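S.K.: Have a look at the structure that comes next, please.
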Amino acid sequence: MPAQIISGTELSKNIKFNVAEKIQHYLQQGKRAPGLAVILVGADPASQVYVGSKRRSCEELGIYSKSYDLPAETTEQELLTLIEQLNQDPQIDGILVQLPLPKKINSTKVIEHISPTKDIDGFHPYNVGRLCQRIPTLRACTPLGIMKLLETTGVDLYGQHAVIVGASNIVGRPMALELLLAGCTVTVTHRFTKDLKSHVHQADILVVAVGKPHIIPGEWIKEGAIVIDVGINRVDGKLVGDVQYDEASKKASFITPVPGGVGPMTVAMLMFNTLLAYESHS
């Protein structure tokens, strides 16, 4: 029986609708709108597309959005000074610095400079540490979105063997903490992992976030597994994931499509986090 599709498009619409409803409720009480500052350094085309999508979502949901499109020549100190000003701005609840930054700017230093209560990307060491200690507040958007997608399957995650392919700070590592928090037994694989196939084949829940098209053949998938494909790759003018979708969907019980799976959830959770940050500041 072919896998059931987990639609991030549908779920993200529901989450955004709920966020917009709450914002309207606050506005009707005479309160200010949540505020989000979006910083883009340079003119990377992919980053411009992502930032545009985030700004449109803010507009749709009633979030006050302030844009800072800085030239590629911007120095690290200039960026840190702007972040410091936004940290102090009572109208701004969330600060988003679009990554990647130009090579001359230290991304870690920039992330650490954002106030943890305004870190709606969930990348600040303080927020990652809280997740590690099982007391999360603002959580990384893509892993949190994936947890929401997993909830829709109705599968009890306790005791499930979750395997993550990819150990990035943005997805793989916080994803491991999220799944651990949910009661899974977690294996994280990376470029030094030996015999990747055997690890993948043991996965009840497989999360792949590498950014290499079809790196995971469908035949590796365990019968009945839940497959979450985070990869977005362009091949011959089409968007494809990191998992060989057609073959994997014959073996999996649930699978996310590319596009329309994890992608829409990331922006939805960004809006969700902005609302959370706003509520904590109110």
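Indices start at 1 and increase along the chain as displayed.
Here the Cβ of each residue, glycine as well, is placed from N, Cα and C on the backbone.
Below, the features straight out of Swiss-Prot:
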| type | residues | note |
| --- | --- | --- |
| BINDING | Gly166, Ala167, Ser168, Ile232 | NADP(+) binding site |
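Looking at the shown structure, what environment does each listed feature sit in?
M.R.: Taking Cβ-Cβ distances under 8 Å and a sequence gap of 6 or more within the same chain, the neighbours of Gly166 (NADP(+) binding site) are Gly172, Thr189, His190, Val208, Ala209, Val210, Gly211, Val230.
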S.K.: Between any two of Gly166, Ala167, Ser168, Ile232, the residues recorded as binding NADP(+), what is the biggest Cα to Cα distance in Å?
M.R.: 16
S.K.: Just to confirm: which same-chain residues, 6+ apart in sequence, have a Cβ under 8 Å from the Cβ of Ile232 (NADP(+) binding site)?
M.R.: Gly211, Leu239, Gly241, Val258, Pro259, Gly263
